[in-house]
Amino acid sequence: MSWKVVIIFSLLITPQHGLKESYLEESCSTITEGYLSVLRTGWYTNVFTLEVGDVENLTCSDGPSLIKTELDLTKSALRELKTVSADQLAREEQIENPRQSRFVLGAIALGVATAAAVTAGVAIAKTIRLESEVTAIKNALKTTNEAVSTLGNGVRVLATAVRELKDFVSKNLTRAINKNKCDIDDLKMAVSFSQFNRRFLNVVRQFSDNAGITPAISLDLMTDAELARAVSNMPTSAGQIKLMLENRAMVRRKGFGILIGVYGSSVIYMVQLPIFGVIDTPCWIVKAAPSCSGKKGNYACLLREDQGWYCQNAGSTVYYPNEKDCETRGDHVFCDTAAGINVAEQSKECNINISTTNYPCKVSTGRHPISMVALSPLGALVACYKGVSCSIGSNRVGIIKQLNKGCSYITNQDADTVTIDNTVYQLSKVEGEQHVIKGRPVSSSFDPIKFPEDQFNVALDQVFENIENSQALVDQSNRILSSAEKGNTGFIIVIILIAVLGSSMILVSIFIIIKKTKKPTGAPPELSGVTNNGFIPHS
C-alpha cells in the first residue's frame, strides 16, 4: 500500500505543464507552447535468433492432416524467407549507393524511420552477416537466452535467442511423428504446433511484405517482455528509461526491423530501437493558414512557411519542418533529432510581430485565395474566401453559425466541428489556455492590384522590397511617360507653327502673284493692229 501512496504523492508534487495557444491575428497563425521534448539521440540494436528446429527432415506421407498442413507452412515460410533475404542483399547494395538509395528507400514502407537511420541500420546488418559475427552471436547464446555481444567494429548489441518453436519441434513434435506418423488423433498436439509456429510465420510474413525492412516493431518481432529488457539495458538515465517504458507503443512506432538472413534452421534479424536521450526541454508548434486581402476582385495572400515543431536542445533551437517527424503523447513530443534543423533563437520573433522583426520570417505569396482549415492542438484556423461556405458546429445541435470571409480562429471550446463546403473537421478536446494577439493582417499592407506573382518560401522583408522596387519602376515609367508626353506636345506645337507659317507664306505668295497680274478697271482694252492716237479716254 505504501508504494501507492508514494506514487500519488509524487503526482501531486509534480508540476503540471499546461498548454497555451496564442492566435496571431496579424499572420493568421497559432503557436502552441507547453510541450516537453523526448528527442531521439541514438539507436539500440537487438539481434534475434529465431530457431525453428529440424523441420526440413520431418515428412508426412500418410495423407492429409493438421500436422502436415502446419509442417508444410513452416517449410514454405523458410524457403520464402531465403528468397526475401537474397533479394534484400541486392536491394541493400542499391541503398548504400547514394545515387540510387532514394529510389530504393522510396519503395520501402519506412514508417517513421528516416532514410539515414535505415542506411545506418543496413551497415550494421552487413557486419552481423559476416560468418565470424554470426558464430560469435550463436556462441554467446549457447548457455543463455540473452547476452550482450560486441561486434568486430566495436558496436555492442543485445542478442536474444527465441527457442520455443525449436524446443517444441525437437522434444514433442518429432517424437510424436516418429511414433505415430502425422495422422495424430491428439488435437492438442496440432493446436500446440500452430501456437508455437505463429510467431515464426508472422515474422516471415512481415519481412516478406516489407522487402526485408519492417516499418515498426510488432509484438511478433519483439515481445513486450523482450522490449522492456532491451530498454532497461540502454545506456541512458533512469528517468529516460522510465519514460520509454511508459511509452512503449511510441518506441515500437519509431523503431524498425531488418532481416539478417536464414542460417540453417535459424532466422536471424535485428531490431533497431530509438534511444530518447533528451527529455523535458521546451517544445512548441506553429500552425498557419492563408491570410488574404482583396480589392476589386484582386487578392494579396500570404502564408507562413515556418510551420512545424520547435524544441530546445543543448541551448539551441531545433526546427522540424515535417510535422510527421514528431508525435505527441499527452504533453510530450517525440522527435527524431536527425530530422531537425538548427535555427536562430531570433526565429521566435516571427511569433510576436512578423511584419516588423529583423529576422527573415519565411512566407509564400499568391494572388489566388485558398480556403482551408489548419487544425491546431487547441482549435482551428479557418481561411474562408470567395465562393466557399464556412461554418462551425456542435456535435449535439449541428451548425452554430456561418463564418465571415477571411481568417478566423475557432477554439475547441467554441465548437466541436468546422465545415468548409461539404468537408467536416473535428476539433480536438485537449485542454489548455487560448489567447488572441490582435494585429492588422500583414496582407492588408499590400495593394492587391500591384501584388507580385506567386513566390514560395521567401523572406517577408524580401516581399516588401520586391513590391517597393516594383512601385519604384512603375513611378519611373510614369515619369518617363510624362516627360515623353510633354516632349511630344512641344514637338506637335512646333510642327503646327511651322505648318501655319508655311501655309501663311504660301498664301502671301499667291496673293502677291495675283496682285501683280491684276490690271486697273478703266484701262483701255488692248487691241491688235495699229494704235489709234486720236482716242481720248473719258475723264
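Just so you know, glycine gets a Cβ as well, placed from its N, Cα and C.
Per Swiss-Prot, compositional bias 'Polar residues' is recorded for 529-539.
Around the Cβ of Cys311 (disulfide bond), 25 further Cβ atoms fall within 10 Å across all displayed protein chains. Annotation comment: Swiss-Prot describes Cys283-Cys311 (among others) as disulfide bond.
In the three-state DSSP scheme, Cys301 (disulfide bond) falls into the strand class. For Cys301 (disulfide bond), the Cβ neighbour count at a 10 Å cut-off comes to 25, with all displayed protein chains included. Per Swiss-Prot, disulfide bond is recorded for Cys292-Cys301 (among others).
Within its own chain, Cys326 (disulfide bond) has Cys283, Trp309, Tyr320, Val333, Phe334, Cys335, Asp336 as residues 6 or more apart in sequence whose C-beta sits under 8 angstroms from its own. Per Swiss-Prot, the feature disulfide bond maps to Cys326-Cys335 (among others).
Swiss-Prot lists Cys350-Cys361 (among others) with the feature disulfide bond, giving similarity to another entry as the kind of evidence. When other Cβ atoms within 10 Å of the Cβ of Cys350 (disulfide bond) are tallied across all protein chains shown, the result is 23.
According to DSSP, Cys390 (disulfide bond) sits within a strand segment. Annotation source Swiss-Prot lists disulfide bond at Cys384-Cys390 (among others), citing similarity to another entry.
The Cβ of Asn57 (N-linked glycosylation site) lies under 8 Å from the Cβ of no residue that is in the same chain and 6 or more residues away along the sequence. Taken from Swiss-Prot, the feature N-linked glycosylation site covers Asn57 (among others), and the record attributes it to sequence analysis.
Classification of Asn172 (N-linked glycosylation site) by DSSP places it within a helix. A C-beta separation below 8 Å, combined with a sequence spacing of at least six in one chain, links Asn172 (N-linked glycosylation site) to Met189, Ser192. Taken from Swiss-Prot, the feature N-linked glycosylation site applies to Asn172 (among others).
All chains included, 15 other C-beta atoms sit within 10 angstroms of the C-beta of Asn353 (N-linked glycosylation site). Secondary structure at Asn353 (N-linked glycosylation site), taken from DSSP and collapsed to helix, strand or coil, is coil. The N-linked glycosylation site annotation in Swiss-Prot covers Asn353 (among others).
If you look up Swiss-Prot, you'll see 103-127 marked as region 'Fusion peptide', on the strength of similarity to another entry.
Residues or ranges marked as region 'Disordered' by Swiss-Prot: 520-539.
The signal peptide annotation in Swiss-Prot covers 1-18.
Residues or ranges marked as transmembrane segment by Swiss-Prot: 492-512.
Taking each of the disulfide-bonded residues Cys283, Cys361, Cys384, Cys390 in turn and counting other Cβ atoms within 10 Å of its Cβ gives the largest count for Cys283. Between the disulfide-bonded residues Cys292, Cys335, the minimum number of other C-beta atoms within 10 Å of a residue's C-beta occurs at Cys335. The two recorded residues, Cys292 (disulfide bond) and Cys311 (disulfide bond), show a Cα separation of 30 Å. A Cα-Cα distance of 28 Å separates Cys390 (disulfide bond) from Cys350 (disulfide bond). The closest partner of Cys384 (disulfide bond) among the disulfide-bonded residues, by CA position, is Cys301; the full candidate set was Cys301, Cys311, Cys361.
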